[in-house]
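Trainee: Provided herewith is a single structure, encoded as structure tokens, for subsequent inquiry.
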Amino acid sequence: MEKAKLTKNLKLKIKNAQLTKAAGLDKLKQKLAQAGSSETKSSSEKPSTKVPEKIAKEKVVKKKSVVDPGVPTMTEPVSAENSPRRIRAKNHSSFVSEDLNSPQPPVPVDSDASAFSDSAVVEEVDSFVETEQEISVSTPPPPVTEETEVVAKEPPAPKKEPEVVVKKEPPKSVVSIKSNFGPTGKHINHLLAKTFKAPKKEDKPAPKEKTKTTQTKPQQSSDASNDKHHSPTNRTSQPFYRRDVSKKSGSDFRDRAKKDDNPKAFTGRDRYGLNDSSDDDKWRKKRVQKTKKHYEEHAIQRPTHIKVPLPITIKDLAAEMKLKASELIQKMFIHGMTYVVNDVLDNETTVQFIGLEFGCTIDIDSSEQDKLCIESNTVKEEIQETDPSKLITRPPIVAFMGHVDHGKTTLIDSLRKTNVAAVEAGAITQHMGAFCCSTPVGNLTILDTPGHEAFSAMRARGAEVCDIVVLVVAGDEGIKEQTLEAVKHARAANITIVVAINKCDKPNFNADTIYRQLAEIELLPEAWGGTTVTINTSAKTGEGLSELLEMLALQAEVLELKANPSARARGLVIESELHKGLGAVATILVQNGTLHLGEALVFNDCYGKVKTMHNEHNQLMKSASPSIPALITGLSSMPKAGDPFVVVKNEKTAKEIVGARLAGQQKFALQKKRPNFDAMLQNKKILKLIIKADVQGSIEALANSILKITSDKVSAEILANSVGEISESDIRLAAASKAVIIGFHTGIESHAESLIKNLGVKVQLFNIIYHAVDAVKEMMTALLDPIAEEKNLGSAEIKETFKSSQLGTIYGCLVSEGTMTRNQKVRVVRGNEIVWKGNLSSLKRIKEDVKEVKKGFECGILLEGCQHAQVGDILQCYEVIYHPQKL
């Protein structure tokens, strides 16, 4: 209990001392201390005290610093020369009594300091009761003004003497350094966190040497809490000196635990300050800030001469010139050319002009095109460059052209002794036919072209491939529209024209009229002194056919038609179709060289290897010489009519060439079809169609005819077209896009017929092209909303109105004009303004329902939903008639 009271008093005094210092009373205490020291110097020395024999420990007296009561002063140990003999403490009572009876020198300090020192001495004596260590008493050394680090030395062996006389000198004023000790007795430097620089990775920190120093605690502790960590049994008998506050002794003292090398990760709680910031183990992890990389801009050296292929996009051209695409677009816009980044430039002049604007010379690289271009020159140029000794005379290719129903096919049948016209649908030719015909004057290759207006492309191809054009004109009808078109194609190809005036057996045949019409189109006949050969023929009687053959042979001799049969085969595709069992087949015409079985062919976008070859009579052929048509199989896909072909080394080479061509086409092809903005703005309706035909030429002819149908109200759009029968995929496409399938000279697959009924797809099949075109026109017209027309039937004037709780207002009227009919439309006219329109729901005359009331009779009329008609209004009865619109 006494110890607890002393501890409590000690804490209160320490706190008072701190408050005194904070209030500025330490200066006053310093003056009082100086006054007390002067009085001490004048006083005489007191007699020395004898140390009892029982006390064997070194008596250490601590003096409180006058300047700072919280800092202990230097200890005053007794000199080793006057050390007494060692004795043992017997018991607690004897030790305390002897210690209390011994006189103590007075210490000149204030009341607070004296109380503090007395309590400290009592506590120290109490702590030595149960120890049996040896102590020595020595004289105190003179006080020092500077603090020095003192290392405890081993005490000398004590001498056994019964009594030791200690002479005390008057205490001198000790100049102590003011240190910032807190209530725990620790220096402020020991409490602050110390920062240590992390050693470099390559330099390892040197290990610290452990100094073997004995660290002693002061016998008069400044805080009772220190006793918890330092028990009395652990105290040593070494002399205790004043702590050196400027230097550390022993191991480093840290107030907190060492930081963990692997700290806790930074979390969201740390971001919002939710974690305890006082916990030193948790500290914010600094984020590594990403430093922006600054790249040095080097001067770009733009080339002055480049070589680019064609076609090329704006983006690729800018990359080759080391420019931005926007710079090229801006420069071209200044010169009136509008382009975007992905636009393709295929004009050599435009590309070179752009290069000159930026000081760069651009050459066109044609190496890739040379690899793909296996035919560097035309067939005629190739024949002209061939050695004349290798050339032979080839049969002439004769194309019969003219207007529809003028007798072209019948005339050819007469020459070939066949009857092709009898089996043609509608008695018109809708395919191009190639035949090899033997005549008394030699062999002829005859091309039969369609005369219908839809087959303009076929006639153009026929004019390009043939050597002589036979213009067939009916003597009873004269020159028609397609006749003029055939003349135009022949002149464009610079081909000799022979006019056959057909149907000379008819009674209304007039050759002079044909001569006059030919002269009008600058084809002056020989009979009128011109150069155009004209022959009167009749396909039925055979009149004039021999003269026609002789003239064809004569023209062939004049043209000197030659070819090289030993060269690689080259020619054109006359027609192509998809056969059920053979796949893609094509009718070709060899223009130069000889085509053999097993040779590889390259078309524009497909290739193939000749597996089979047939003539017009379906007979197998091993080879096809110049000017000979043939039907071949073994193609990868269907070539387009009019595509040229050439023989290459092998099928692998053909595949590589076609693959490179397709890659180039896909690279610069439009990915999406541009919408028809004009149709959207005009709210035009669109008829969607899917075309299926037997041959490629028929698809081309039918599509061109449909697209020629022009209207401001509706338009036709062809979603897809292909050769072959109508399949399930075509039906599903039509159902998804709400399109109509048009089949021309083709049928429907057997397993696809049930799908047509299930999906409700509209399919129409035709064998004659103008029937198909007329059907498309009707479907386009059906899309248009009919035009409504109001036809007046009669009128009546309201004379009286009657109110009915069940029916509403009943109007008593007099028919003034025409007839008032039940269930027709009625207008209520007041003055010149129509105030209501609706239906006439009930019509009565003398309480009887009637269908109509004529002029001059009275009637009762009930209008559906009309309650505001007045006496004097006119009721006009009319009916609505809808008329279909026209394209």
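Just so it is clear, glycine is given a Cβ too, placed from its N, Cα and C backbone atoms.
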Trainee: If Swiss-Prot is the reference, give me the range from 290-297, 402-409, 818-825 marked as region 'G1'.
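Mentor: That would be 402-409, per the region 'G1' entry in Swiss-Prot.
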Trainee: From the ranges 26-29, 442-445, 502-505, 590-593, grab the one Swiss-Prot calls region 'G4'.
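Mentor: Residues 502-505 are the ones Swiss-Prot records as region 'G4'.
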Trainee: Region 'Disordered' per Swiss-Prot sits at which of 94-113, 614-633?
Mentor: 94-113
Trainee: Can you tell me how the residues of the region 'G4' (502-505) break down into helix, strand and coil by DSSP?
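Mentor: Breakdown, helix to coil: 0 helix, 1 strand, 3 coil.
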Trainee: What is the three-state DSSP composition of the region 'G1' (402-409), stated as helix, strand and coil residue counts?
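Mentor: Reading the DSSP string over the region 'G1' (402-409) gives 2 helix, 1 strand, 5 coil.
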